[in-house]
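Working notes, structure below.
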There are 4 protein chains.
Amino acid sequence: MKVKLVSYNPDGERVVAIAAKISRSRKGWDYHENMSQEEIETWIRDSILHGYWSVLEHSVYTFSIEGISRVASHQLVRHRIASYTQTSHRFAKPVDEYYRPVSPPSARGKIEQAYIDLYKEYYTLLQQGVPEEDARYLLPNGVNTNLVVTMNARELYNFFGLRICSRAQWEIRAVAWLMLDEVRKVHPRLFRYAGPNCILHENFVRPEDDPVTLEQEKQFTSARCIEGVPREGIWKCMKNSRNILEKLK
Amino acid sequence: MKVKLVSYNPDGERVVAIAAKISRSRKGWDYHENMSQEEIETWIRDSILHGYWSVLEHSVYTFSIEGISRVASHQLVRHRIASYTQTSHRFAKPVDEYYRPVSPPSARGKIEQAYIDLYKEYYTLLQQGVPEEDARYLLPNGVNTNLVVTMNARELYNFFGLRICSRAQWEIRAVAWLMLDEVRKVHPRLFRYAGPNCILHENFVRPEDDPVTLEQEKQFTSARCIEGVPREGIWKCMKNSRNILEKLK
Amino acid sequence: MKVKLVSYNPDGERVVAIAAKISRSRKGWDYHENMSQEEIETWIRDSILHGYWSVLEHSVYTFSIEGISRVASHQLVRHRIASYTQTSHRFAKPVDEYYRPVSPPSARGKIEQAYIDLYKEYYTLLQQGVPEEDARYLLPNGVNTNLVVTMNARELYNFFGLRICSRAQWEIRAVAWLMLDEVRKVHPRLFRYAGPNCILHENFVRPEDDPVTLEQEKQFTSARCIEGVPREGIWKCMKNSRNILEKLK
Amino acid sequence: MKVKLVSYNPDGERVVAIAAKISRSRKGWDYHENMSQEEIETWIRDSILHGYWSVLEHSVYTFSIEGISRVASHQLVRHRIASYTQTSHRFAKPVDEYYRPVSPPSARGKIEQAYIDLYKEYYTLLQQGVPEEDARYLLPNGVNTNLVVTMNARELYNFFGLRICSRAQWEIRAVAWLMLDEVRKVHPRLFRYAGPNCILHENFVRPEDDPVTLEQEKQFTSARCIEGVPREGIWKCMKNSRNILEKLK
């Protein structure tokens, strides 16, 4: 699995902050353009902590996601407020070194031989003249695929909220953690409050001057997360969630 | 494969027609509510032939689509202006009589044994303690799934334009033809001008008083369809497209 | 202001519940079709309280909204996951009895004469040959307009969350309360947990077996709502919000 | 009216071209990253002329649009596949030099005095203690507003198709032409085939090796445009459309 941020506007945090300010100002873009770093941070923070999500849509990110299974890609494309381009198995046969199906950690050592056997049967179908687009019906759900994905910062918050959660399926969870790592590297202020839904929801109901982030373990005020994990289990649950990255190494 | 229209508003054509009229009228809903059948037909026709698509969004359809492969479902959910609920293989194991992978017509007699062998290996993984959500990585892409799908009439026009086209993959093409048959039964006036993109595009550029429909073969004025089929081949191409329904019988 | 539910599927609650169940079941629609009323209620409740919002998209509602100002309509159409048709002032002149600009309660007795003066100037422009689509630049923002609006139940929850809140502008708030009244009449189980964001967020973090609804005042566990109202002020805030309906009588 | 492109990825054309190629290739992003300028042009051109629009979503543009009327902004925000932030008249009073309502060319010299009178009445309301959010009901529809707008290249094609057309209302038409000028400056290959719907539709049905662009007047094969303008009137119609920019000088 490889997740790489391939396109974004380095100035995205400024763009979001100026947009937020323009909603309250009579002056135009040029006046606000040289906003200070401190002001950028304040406008971003206030927008997120008050649920003024729409301004986050003005910063957009494109990722190349490679070597994930079609199990994961099928879940990924269910997020409709995003743009996708996927390698087509109708036109690009996954033969030879391009056949690298994903082995779930729980099935390591148990699934690989079956993947090889299956490949032989798939290849036989091709040799019998079955068209590629039909032979692929036999390929396993774990077969590898590549995508180009574009999401804005608001949708990323929503995506992370659902997919970084430990209840998310492990593979898309790993993709989500890697995407989060990528965007935090370039826009730390914009993604400071990103995390699973337990964190987002906690910040909706908690004193504003003391928000929770993934970085700093604080006592939750929520009685439970939306998935039913009780208050005292939430931080452990988050650590378990990220553990998937270790298992995949 | 089973495609069934399970929810819609019988009065959807009237709703669309009244909405179209309200955009030009100062009077409210009650005044227009008893619009005559002739007037309904006229407002619908004019809206479609002049590209006033937005009013078609007020009539919405829910389908149950059963027994299609995950090849097809992965394509289907790429249509983002729609709502989907899909049977989860994380929670609902496709074992025993529920394992009915789809055989492409071109692979009939060639793929079934491989599907059976694969099932055995999948079952062995389950018995070895591999969780369902991971064992399914070995299931073939052809494995069957069920979905509930909601689309409005405008999106259906767009969906049919792309997926009824003979260039669409055969399985989603079959789904699309069956969906079209379902909605034409209940709302023939609203879907009279639906068809592959060649028909939609032809009606954009052709004299308004002589529109093309799937029912009535007329000489095209377009030099080619957007997929490159030249004018004289278009009708044959459409027949080939629908032929998939015969092959699946 | 007049808000009327003009189209929906009476069976929408059943459709939502069946969709929720199908996501966990290997059986098809026909098997689940005769779901009992109790089961419908349980699946709807569980979906909402666990944030499984997507199934709510399968029930869709069309409203006729008449006699609101363009101040309110401009805010309304900012909700992008919805369908709109609006009376066009390019084509339908709001003259004579059709000119009924909205008077804010706070400006009653102070704004009406200005509205009348303005109308005269607008009419003069028309008489001077200024086209309707340009003369309307002089019409007040309060000028009345009609819309047809279609939203699904998920988007309605989101819309109510934002617009029923006492911080929302009073006119769109009144529209939102009237829309909620309409849908609760026909689908009480589906909209039982609808309310301003304070209620939605409270139910994300509160014990699952004791949800809050608009109907039953319970102690909040949230320290504050997302708009900053502290716990003890929330119920009063909600009552103030709905008070707008009295003021408009 | 001021339209300025304030954020985009300079490498957007490359991103679109690579995405298009990845859909047909088994290799990943790194392999394609150094695509030649010629190849970029070819992939973009082929994507557009074959209606493979989705890849255009990976290049995204943010505009500052200032000094347009609320007549125009109300139309603009009807385009739902886009992101908007608008100066709020609830929080930012358009008084003093910030009150600059838009005068339609057809009403020049006829509407300005009325605008001034109206302002006085608006100001009186404020002095009488009517809150800003209510006093603005009296402001004219022509009152000026500022927005930040983000759209991807696919949506821009759609937006231009509808709004550059001479049938579009003159003010949003002017906005659209200025937006097109902005993006063509930075990404001429990506927006070469952009234009009103007559051009888009013509290219759907015309020989692929001879596409129409705004730059080069060619005989249309379409009998009419979708708005009903006959073949021989189309080029003149487009010139009339752009003329609005002269009238606004």
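The backbone N, Cα and C atoms fix where each Cβ goes, and this holds for glycine too.
Here is what TrEMBL records for this protein:
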- D:Ser54, D:Arg78, D:His79, D:Arg80, D:Gln86, D:Asn152, D:Ala153, D:Arg154, D:Asn158: FAD binding site (BINDING)
- D:Gln75, D:Leu76, D:Val77, D:Arg78, D:Gln86, D:Thr87, D:Ser88, D:His89, D:Arg90, D:Arg136, D:Arg163: dUMP binding site (BINDING)
- D:Arg163: active site, involved in ionization of N3 of dUMP, leading to its activation (ACT_SITE)
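Annotated features taken from TrEMBL, shown on the structure.
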| residue | record | Cβ contacts under 8 Å, 6 or more apart |
| --- | --- | --- |
| D:Ser54 | FAD binding site | D:Arg154 |
| D:Gln75 | dUMP binding site | D:Gln169, D:Ile172 |
| D:Val77 | dUMP binding site | D:Tyr84, D:Gln86, D:Leu147 |
| D:His79 | FAD binding site | D:Met151, D:Glu155, D:Asn158, D:Phe159 |
| D:Ser88 | dUMP binding site | none |
| D:Arg90 | dUMP binding site | D:Glu132, D:Glu133, D:Arg136 |
| D:Ala153 | FAD binding site | D:Gly12, D:Val16, D:Leu56, D:Glu57, D:Ser59, D:Val60, D:Tyr61, D:Val183, D:His187, D:Leu190, D:Phe191 |
| D:Arg163 | dUMP binding site | D:Ile172, D:Arg173, D:Val175, D:Ala176 |
Cβ-based proximity (under 8 Å) of the binding-site residues D:Val77, D:Ser88, D:Arg90, D:Arg163 to chain C, or none: D:Val77, D:Arg90
For D:Gln86 (FAD binding site), the three-state class that DSSP assigns: strand
Number of Cβ atoms other than its own within 10 Å, given for D:Asn158 (FAD binding site): 20
Cβ under 8 Å to chain A, applied to binding-site residues D:Ser54, D:Gln86, D:Asn158: D:Ser54, D:Gln86
Among D:Ser54, D:Arg78, D:His79, D:Arg80, D:Gln86, D:Asn152, D:Ala153, D:Arg154, D:Asn158, the record's FAD binders - longest CA distance, Å: 27
Binding residues D:Gln75, D:Leu76, D:Val77, D:Arg78, D:Gln86, D:Thr87, D:Ser88, D:His89, D:Arg90, D:Arg136, D:Arg163 (dUMP) - maximum C-alpha distance in whole Å: 29
Conformational class of D:His79 (FAD binding site) under the three-state DSSP mapping: coil
